[in-house]
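A.B. asks: Sharing the record's features from Swiss-Prot:
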DOMAIN    35-144  domain 'Ig-like V-type'
CARBOHYD  Asn115  N-linked glycosylation site
DOMAIN    240-315  domain 'Ig-like C2-type 2'
CARBOHYD  Asn246  N-linked glycosylation site
CARBOHYD  Asn288  N-linked glycosylation site
DOMAIN    323-410  domain 'Ig-like C2-type 3'
CARBOHYD  Asn330  N-linked glycosylation site
CARBOHYD  Asn360  N-linked glycosylation site
CARBOHYD  Asn375  N-linked glycosylation site
CARBOHYD  Asn432  N-linked glycosylation site
CARBOHYD  Asn466  N-linked glycosylation site
CARBOHYD  Asn480  N-linked glycosylation site
CARBOHYD  Asn529  N-linked glycosylation site
CARBOHYD  Asn553  N-linked glycosylation site
CARBOHYD  Asn580  N-linked glycosylation site
DOMAIN    593-675  domain 'Ig-like C2-type 6'
LIPID     Ala685  GPI-anchor amidated alanine
Amino acid sequence: MESPSAPPHRWCIPWQRLLLTASLLTFWNPPTTAKLTIESTPFNVAEGKEVLLLVHNLPQHLFGYSWYKGERVDGNRQIIGYVIGTQQATPGPAYSGREIIYPNASLLIQNIIQNDTGFYTLHVIKSDLVNEEATGQFRVYPELPKPSISSNNSKPVEDKDAVAFTCEPETQDATYLWWVNNQSLPVSPRLQLSNGNRTLTLFNVTRNDTASYKCETQNPVSARRSDSVILNVLYGPDAPTISPLNTSYRSGENLNLSCHAASNPPAQYSWFVNGTFQQSTQELFIPNITVNNSGSYTCQAHNSDTGLNRTTVTTITVYAEPPKPFITSNNSNPVEDEDAVALTCEPEIQNTTYLWWVNNQSLPVSPRLQLSNDNRTLTLLSVTRNDVGPYECGIQNELSVDHSDPVILNVLYGPDDPTISPSYTYYRPGVNLSLSCHAASNPPAQYSWLIDGNIQQHTQELFISNITEKNSGLYTCQANNSASGHSRTTVKTITVSAELPKPSISSNNSKPVEDKDAVAFTCEPEAQNTTYLWWVNGQSLPVSPRLQLSNGNRTLTLFNVTRNDARAYVCGIQNSVSANRSDPVTLDVLYGPDTPIISPPDSSYLSGANLNLSCHSASNPSPQYSWRINGIPQQHTQVLFIAKITPNNNGTYACFVSNLATGRNNSIVKSITVSASGTSPGLSAGATVGIMIGVLVGVALI
């Protein structure tokens, strides 16, 4: 409250503070028409504080005024009276010594108590002895103490108990509020407020209800919060978890198992092996385990406060260290395409998985590879040289895979047809002849040379120096494999001549189809130190992406041949002493049939005339022809002749062509109109001249 600007009466009521600001003076001389009112400042007052009953619109020319406790003027309830003329204040029966009256009639009450609550009446006496009254009021509230929370259950059990929190103390005219983790109460069917919100009940408490709870009390003059209360919910134990999750161990390892179960208070643990109690610890340690330590391991968790027990069982398997595997074979030297081989993974062990690898890869899918029921034996049927391996087998248990050393299969094969090099067959006198023979074989082949059927030597190479024309002949290389018992020979014709022979042209395709086939011409023979040349129609080869030379220009390839490639091809060979050309070879390109042409072009005729139609289509070989009139087969000729035609011969005339060599067909349709004698054979809408061209693929020629 602010101090007044005008002093109270002189009698012994000390000034304690100013209650009215300078603006209050404006109310001392209000207009006489305004109604007298009292304003309580503040309206809600805390115990021990003060309140000012502020007078508004006080009338002029007053004799005095008095304050009363209550809503009416009662001498027994007078607090104080004031005479303006003498400026004297007189206390009444209800005066407590805490009241101060001011010349403007306002009343200050200090050190407010609960009994001060209520109405106060100001009685004003004017100079003309006319009275006027006004009533004001205020309410007194206590200053709230700091609340606290009490609980009916300090250790509730999860999913079983309910907890009732009560905000203390119980205070009249107070509002109660609750917070959980400093947040307003969540909406939940398990939370219930009662007793004017003073009691918070949690039904079927869970571990998630373990939170910070606070209550608050409020009234119009104060608000206080309690200290936090943490709810201690007893729960568990949950189903224990045994770690690590590994259930397979090698013999000789240490077994170290740990058990954990969510629980409040923390659980007590016990271990059982195959149903036999071991120890009451959270961890179980067994050093240097053996196969005998295999079994079921049970962890039991117990909560003495909740009275609950939970168990978890894990099965531990201890494996003996397996030996390193190795591979045995029933045939150490199998013959290609004759023998089968059975590879067996040793040793035989129970409860073991057998695995196989070939060339460090898993076994390919092949009808020639067969595994036994237990996968321990791998059988290769009709072995080939590609089956040499290496092969590995493995034995696998829950812990590891052990590999054998690799085994290489020694497949006996060959000899294949020998190859004689170099490939030259033509030599000049005076040079050295050096021939080498090679045949794929295991073990390596033994070689022999024969000339014109006569044994020369048992070596892989044949060398003859300073050859003459007498050295011309048949040179045979014979390869022998004593292990497989097989022999193979290759014969090569060697010609020794000072002059180059007349070359010839060979072809890989004597009748290529246009726009489909490629043709490779090769100039024969292959001769040492020889240059090969080509001509087409007596001219050097044109530049074309469809023409390609290879094999030292000895081979000429024509890609996607066309009918224009049907020319005369000549090859030539030359060396330092001679040159020669082949006879020309004409390429026979099969093509067509193209779209046929019907002649003459006339389509209108007079009745009585002869109709003579001829059909022609470019094709190699020449095509076969057939005719149809209005879709009806007629004859298989190139020319269609009808004497003395009539209007009945009107219609569509189709010529079909077919090339059996290329497998292609084609056709053309022509409309023929025959007019009666004496009429003009002009073109009408019904006799429009037109040629409808189309390829009728798959139409059978009749």
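In case you wondered, yes, glycine gets a Cβ from its N, Cα and C as well.
The model shown is predicted, which means the values in this text are computed figures rather than measured ones.
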A.B. asks: If you run through the domain 'Ig-like C2-type 6' (593-675) with DSSP, how many residues end up as helix, strand and coil?
C.D. replies: 3 helix, 46 strand, 34 coil
A.B. asks: In whole Å, note down how far the CA of Asn246 (N-linked glycosylation site) lies from the CA of Asn330 (N-linked glycosylation site).
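C.D. replies: Checking the Cα atoms of Asn330 (N-linked glycosylation site) and Asn246 (N-linked glycosylation site) gives a distance of 41 Å.
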A.B. asks: Given the glycosylation sites Asn246, Asn466, Asn480, Asn529, state which is nearest to Asn115 (N-linked glycosylation site) when distance is taken between Cα atoms.
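C.D. replies: With Cα distances computed to Asn115 (N-linked glycosylation site), the winner among Asn246, Asn466, Asn480, Asn529 is Asn246.
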A.B. asks: State the mean pLDDT for the domain 'Ig-like C2-type 6' (593-675).
C.D. replies: 95
A.B. asks: Per residue, counting other C-beta atoms within 10 angstroms of the C-beta, which of the glycosylation sites Asn330, Asn375, Asn466, Asn480 reaches the highest number?
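C.D. replies: Checking each of Asn330, Asn375, Asn466, Asn480, the winner is Asn480.
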A.B. asks: For the domain 'Ig-like V-type' (35-144), DSSP counts of helix, strand and coil?
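C.D. replies: Final tally across the stretch: 6 helix, 58 strand, 46 coil.
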A.B. asks: Rounded to a whole angstrom, what is the C-alpha distance between Asn553 (N-linked glycosylation site) and Asn480 (N-linked glycosylation site)?
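C.D. replies: It is 36 Å, counting Cα to Cα.
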A.B. asks: Please list the DSSP helix, strand and coil residue counts for the domain 'Ig-like C2-type 3' (323-410).
C.D. replies: 3 helix, 36 strand, 49 coil
A.B. asks: Have a look at the glycosylation sites Asn360, Asn375, Asn580 and say which one has the shortest Cα distance to Asn288 (N-linked glycosylation site).
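C.D. replies: So, spelling it out, the nearest of the glycosylation sites is Asn375.
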A.B. asks: List the Cα distance (Å, whole number) between Asn246 (N-linked glycosylation site) and Asn466 (N-linked glycosylation site).
C.D. replies: 82
A.B. asks: Through the lens of DSSP with three states only, how would you label Asn529 (N-linked glycosylation site)?
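C.D. replies: Assignment for Asn529 (N-linked glycosylation site) reads coil.
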A.B. asks: Checking the contact step here: among the glycosylation sites Asn360, Asn375, Asn432, Asn480, Asn529, which have a Cα within 10 Å of the Cα of Asn466 (N-linked glycosylation site)?
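C.D. replies: Taking Asn360, Asn375, Asn432, Asn480, Asn529 one by one, the ones whose Cα falls within 10 Å of Asn466 (N-linked glycosylation site) are Asn432.
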A.B. asks: Please identify, among the glycosylation sites Asn432, Asn480, Asn529, the one with the smallest Cα-Cα distance to Asn360 (N-linked glycosylation site).
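C.D. replies: Ranked by Cα distance from Asn360 (N-linked glycosylation site), first place goes to Asn480.
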A.B. asks: Could you check which of the glycosylation sites (Asn375, Asn480, Asn529, Asn580) sits closest to Asn432 (N-linked glycosylation site), going Cα to Cα?
C.D. replies: Asn529
A.B. asks: Between Asn375 (N-linked glycosylation site) and Asn480 (N-linked glycosylation site), what C-alpha distance do you get in Å?
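C.D. replies: Rounded to a whole number, the Cα-Cα distance is 39 Å.
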